[in-house]
Amino acid sequence: MIGLSFYILADTFFIANGVGSIGLTALNIVLPLWSLISGIGLMIGAGGGIKYSIQRGRNNESGANKVFTHSIVIGTVVGAIITIVGVFFSYDIVRILGADNEVIPLAGKYLKTLLSFSCVFILNNILTSFIRNDDEPNLAMIAMIVGSLSNVVLDYIFVYPLGMGMFGAALATGATPILSICILSLHFVRKKNKFKLIKCKIKLGYIRNIISLGLPSFVTEFSSGIIILLFNFTILNISNNTGVAAYGIITNIALIVVAIFTGVAQGIQPIISKSFGEGNTHDIKVIYRYGLITAVALGLSCYAISFAFSQEIVNLFNNEGDVLLSSMAVEGMKIYFIGFIIMGINIVTTSLLASISKAKESFTISILRGFLAIVPLILILPRFIGMTGVWLTIPLAEAITILIIIFVFRKTILLKN
């Protein structure tokens with residue numbers, strides 16, 4: 001998750017400095033579709049990984065292999081469908097997403113290139129999750145780091161020396177997961193590998209189970225894309241393309257922080273799922289507590305850094321020296337990022353519930369923090385306090401979510417049922 005978000009952050013940096021603020025606006029228009037691809041990969045990977053770990057905890061090798069096979073098949077089919085849609089309809093899609101005549105050529109080119117790599121994005125997510133659940137988190141981490149660094153190098157080469165602009169940035173982002181998959185594939189030649197593709201009948205029950213367990217991860221990721229879309233439309237109504245560009249800087253940095261929290265959640269998931277399969281309640285509580293402490297510490301650190309160095313961070317994405325862009329982004333960052341302080345708690349709790357097969361409760365929290373709490377706030381607050389209302393939406397939504405967790409799901413989280 002961190003690696004995938006880092007791909008887009010790298011694109012944001014090189015597009016902002018190599019193409020300009022209009023390129024930044026185009027990138028932000030496309031982000032909801034990136035969230036869709038990433039969300040599907042996370043859903044299948046997380047859902048399959050949870051089910052796989054539970055089967056392993058019960059020593060069901062055949063069931064574990066069937067889960068992996070079903071996950072790969074689902075990811076390949078869905079990725080192929082998205083690729084076909086992207087190749088033929090990208091320019092129509094960005095027009096629907098709010099791009100004007102100035103932005104459409106850049107956004108359409110970027111989206112068409114990005115969606116052409118849908119299969120590798122999704123399969124990279126799936127393999128990462130299964131390998132992490134198969135007791136090789138280090139290999140998954142190495143693949144992520146190599147992919148992220150390769151993306152930075154290719155972004156620089158394609159955008160600057162080769163002058164390929166938006167197309168070059170998208171090509172770099174699409175190509176690097178292929179390298180990550182090559183590294184992840186080393187797992188299959190190692191003796192410690194415990195899963196493999198097998199010949200089996202594709203059953204709807206497996207698909208339904210994988211999707212239901214992974215749905216909270218999809219909601220968390222894809223809802224961020226829907227929210228970006230709502231924010232874009234709202235900002236265009238009260239500001240202009242510069243406002244969207246400022247929001248683009250903020251939301252792309254926020255995606256990295258969300259990815260860090262998701263990384264913590266994904267890190268504790270295999271242990272909790274395996275402990276759940278073994279019926280070990282004590283270990284579940286201990287690991288969850290460590291996850292919460294880590295998330296809070298990271299949230300406080302991220303907010304403190306962003307508050308103290310907001311101007312310097314914004315300057316990295318403002319090569320043109322746009323004064324209005326700078327002032328809007330700095331002000332927004334100091335308010336928007338308050339949500340980091342409690343966001344990690346909500347994400348880790350969602351992962352806990354999914355890991356112990358509480359799919360309904362996990363989905364409820366995901367849809368609440370990712371959509372239901374945000375929509376009324378973004379539609380109402382800007383009407384009264386303008387851009388300040390836009391920036392306040394996320395912190396308030398996270399606060400509402402944690403209150404619901406405390407008062408509604410406390411008994412379930414403490415495993416009292």
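Cβ from N, Cα, C; glycine included.
In TrEMBL, annotation is done automatically, which means it is predicted and not curated.
Non-local neighbours of the transmembrane segment (7-27) in the same chain are 34, 94, 99, 102-103, 106-107, 110, 147-148, 151-152, 155-156, 159-160, 165-166, 169-170, 172-173, 176, 241-242, 244-245, 248-249, 252-253, 255-256, 316-320, 322, 325; each lies 6+ residues outside the stretch with a CB under 8 Å from one of its CB atoms. Per TrEMBL, transmembrane segment is recorded for 7-27 (among others).
Within its own chain, the transmembrane segment (33-54) is flanked in space by residues 1, 4, 8, 64, 67-68, 70-71, 74-75, 78-79, 82, 86, 93, 97, 111, 114-115, 118, 121-130, 132-134, 195, 209-226, 228, 262, 266, 269-270, 273-274, 276-277, 354-355, 357, which lie at least six positions past its ends and keep a Cβ under 8 Å from the stretch. Summarising the annotation, TrEMBL assigns transmembrane segment to 33-54 (among others).
Residues or ranges marked as transmembrane segment by TrEMBL: 66-90 (among others). Long-range Cβ contacts of the transmembrane segment (66-90) within its own chain (Cβ-Cβ under 8 Å, at least 6 residues beyond either end) map to 33, 36-37, 40-41, 44-45, 47-48, 51-52, 55, 108-109, 111-112, 114-123, 125-126, 130, 195-198, 200, 202-203, 206-207, 210-211.
Sequence-distant contacts of the transmembrane segment (110-127), counting only residues of its own chain at least 6 positions beyond either end whose CB sits under 8 Å from a CB of the stretch, comprise 4, 26-27, 30, 33-34, 37-38, 40-42, 44-45, 48, 71-72, 75-76, 78-80, 82-83, 85-87, 90-91, 93-94, 147, 166-167, 169-171, 173-175, 177-178, 180-181, 184-185, 187. What TrEMBL lists as transmembrane segment is 110-127 (among others).
Residues of the same chain lying 6 or more positions beyond the ends of the transmembrane segment (139-160) and with a Cβ under 8 Å from any Cβ of it are 2-3, 6-7, 10-11, 13-15, 18-19, 124, 128, 131-132, 167-169, 171-173, 175-177, 179-181, 183-184, 186-187. According to TrEMBL, the feature transmembrane segment maps to 139-160 (among others).
Summarising the annotation, TrEMBL assigns transmembrane segment to 166-189 (among others).
Summarising the annotation, TrEMBL assigns transmembrane segment to 210-238 (among others).
Summarising the annotation, TrEMBL assigns transmembrane segment to 244-265 (among others).
Annotation source TrEMBL lists transmembrane segment at 286-309 (among others). Using a Cβ-Cβ cut-off under 8 Å and counting only residues 6 or more beyond its ends in the same chain, the transmembrane segment (286-309) has close neighbours at 253, 257, 260-261, 264-265, 267-268, 271-272, 275, 333-334, 337-338, 340-345, 347-349, 351-352, 413.
The feature transmembrane segment is assigned by TrEMBL to 335-354 (among others).
Taken from TrEMBL, the feature transmembrane segment covers 366-385 (among others). Long-range neighbours of the transmembrane segment (366-385) within the same chain, counting only residues 6 or more positions beyond its ends whose Cβ lies under 8 Å from a Cβ of the stretch, are 215-217, 219-220, 222-224, 226-227, 230-231, 234, 238, 346, 350, 392-394, 396-398, 400-401, 404.
The transmembrane segment annotation in TrEMBL covers 391-409 (among others).
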Given a Cβ distance threshold of under 8 angstroms, which distant residues of the chain, six or more beyond its ends, lie next to the transmembrane segment (391-409)? 231, 250, 254, 331-332, 335-336, 338-339, 342-343, 345-346, 349, 353, 361, 364-365, 368-369, 373-374, 377-378, 381, 385
Quick one: do the transmembrane segment (335-354) and the transmembrane segment (210-238) reach 3+ CB pairs under 8 Å, ignoring pairs fewer than 6 apart in sequence? yes
